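To start, the structure under review is shown below, and the notes come after it.
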Amino acid sequence: MLIDRFGRPVTNLRISLTKECNLSCFYCHREGQLDGERFMTPEEIERIVRVASRLGIKKVKLTGGEPTIRKDILEIIRRLKPYVVDLSLTTNGTTMYVLAEKLKEAGLDRVNISLDTLDRKKYKMITGFNVLDEVIKGIKKATKLFYPVKLNMVVMKGVNDDEIWDMMRFAGEVNAILQLIELEVPREMENSQFFKDFFYPLKPLEEKFEKLAVKVKERRMHRRRKYFIPIDGKIVEVEVVRSMHNTVFCMNCTRLRLTADGYLKTCLLRRDDLIDILGPLRNGASDADLIEIFKRAVLLRRPYWTSNSS
């Protein structure tokens, strides 16, 4: 198993399959990626994951951009599944109604679907497109095939902070888990007008959940708390993702990232931590060479939010 200098095991690999997306969400961080021209093939992704699995990485999440716009998405899933115990996908849901059954057959274990609002006008304002109805259909289809389905809601001040309870009800109706996510930016953007305008702190809401929940669990990943809250006769599972200045969140991160153009990346918010793995692979690197590249990347890992930065 890979363990960094801070004693944190690395068990998860988050792979961006593309920087492209069929929506244009105004807050999107693009998985912390910069522009690049390289493009990983299914064979190259498979080899990297095969090597990662030898190092104890058994959970892989496919992201983007929007990963399902890759025409070879089913091939990628089929290639990766033999090497991992948990293969998941984060998607905007626009293709889910059409692809859900094929994704399941290819070997996908579970899905996270982005859904920031249930209001058509707001959805178009946030994403630039009027496709909310298709996404809702896709969510309902996904919940019949996958468990759990998680709905990712980035909570933004003055945009959708008035919809949290409605989203909880919807999650209960479709038997999904709701993830409430704080808007996240790097340190240099904390004083930006964008952050001041849209950041909505989730700590007060989490304190309210503590009182309302019939049960509370804590995940190993980031020590995120999961609240089981009664609403309209159902128990809805709500997970709060609160990363800004959260030292506990960082100290319990078990992720490594692979960018769409083939760089290992140790942290979403860092841009000084890229380690090229695709270049050496294309230049004939052996599996032993690729293992050393993984080890080098893990040595670079350090918590973004610390007691000195919080």
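Cβ atoms are placed via backbone N, Cα and C, with glycine included.
Around the Cβ of Lys61 (GTP binding site), the same chain contributes Asn12, Leu13, Arg14, Ile15, Ser88, Leu89, Thr90, Asn112, each under 8 angstroms and 6 or more positions distant in sequence. The annotation GTP binding site is assigned in Swiss-Prot to Arg14, Lys61, Thr90, Lys150, Arg255, Leu256, Arg257 on the grounds of sequence analysis.
The [4Fe-4S] cluster 1 binding site feature in Swiss-Prot is assigned to Cys21, Cys25, Cys28; the stated evidence is sequence analysis. Non-local neighbourhood of Cys28 ([4Fe-4S] cluster 1 binding site): Cys21, each in the same chain, at least six residues away, with C-beta under 8 Å from its C-beta. DSSP assigns Cys28 ([4Fe-4S] cluster 1 binding site) to coil in the three-state reduction, outside any helix or strand.
Summarising the annotation, Swiss-Prot assigns S-adenosyl-L-methionine binding site to Tyr27, Gly65, Ser114, Met189 and lists sequence analysis as the type of evidence. Listed in sequence order, Phe195 are the same-chain residues six or more apart from Met189 (S-adenosyl-L-methionine binding site) with CB atoms under 8 A from its CB. In the three-state DSSP reading, Met189 (S-adenosyl-L-methionine binding site) counts as helix.
Sequence-distant contacts (6 or more apart, same chain, Cβ under 8 Å) of Cys253 ([4Fe-4S] cluster 2 binding site) comprise Arg8, Met221, His222, Cys267, Pro303. Summarising the annotation, Swiss-Prot assigns [4Fe-4S] cluster 2 binding site to Cys250, Cys253, Cys267 and lists sequence analysis as the type of evidence.
Positions annotated as domain 'Radical SAM core' by Swiss-Prot, on the basis of sequence analysis: 5-232. As a whole-number mean, the pLDDT of the domain 'Radical SAM core' (5-232) in this prediction is 95.
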Checklist entry - Checking the binding-site residues Lys150, Cys250, Leu256, which are within 10 Å of Ser114 (S-adenosyl-L-methionine binding site) at the Cα level? => result Lys150
Checklist outcome for this item: Reduced DSSP state (H/G/I helix, E/B strand, rest coil) at Thr90 (GTP binding site) is strand
Next on the checklist: With the cut-off set at 10 Å between Cβ atoms, which of these binding-site residues ends up with the most neighbours? Options: Cys21, Cys25, Cys267.
Outcome noted: Cys267
Checklist outcome for this item: For S-adenosyl-L-methionine, with binding residues Tyr27, Gly65, Ser114, Met189 per the record, max Cα distance (Å, no decimals) returned as 23
Checklist entry - Looking at the binding-site residues Cys25, Tyr27, Gly65, Cys250, which has the shortest Cα distance to Leu256 (GTP binding site)? => result Cys250
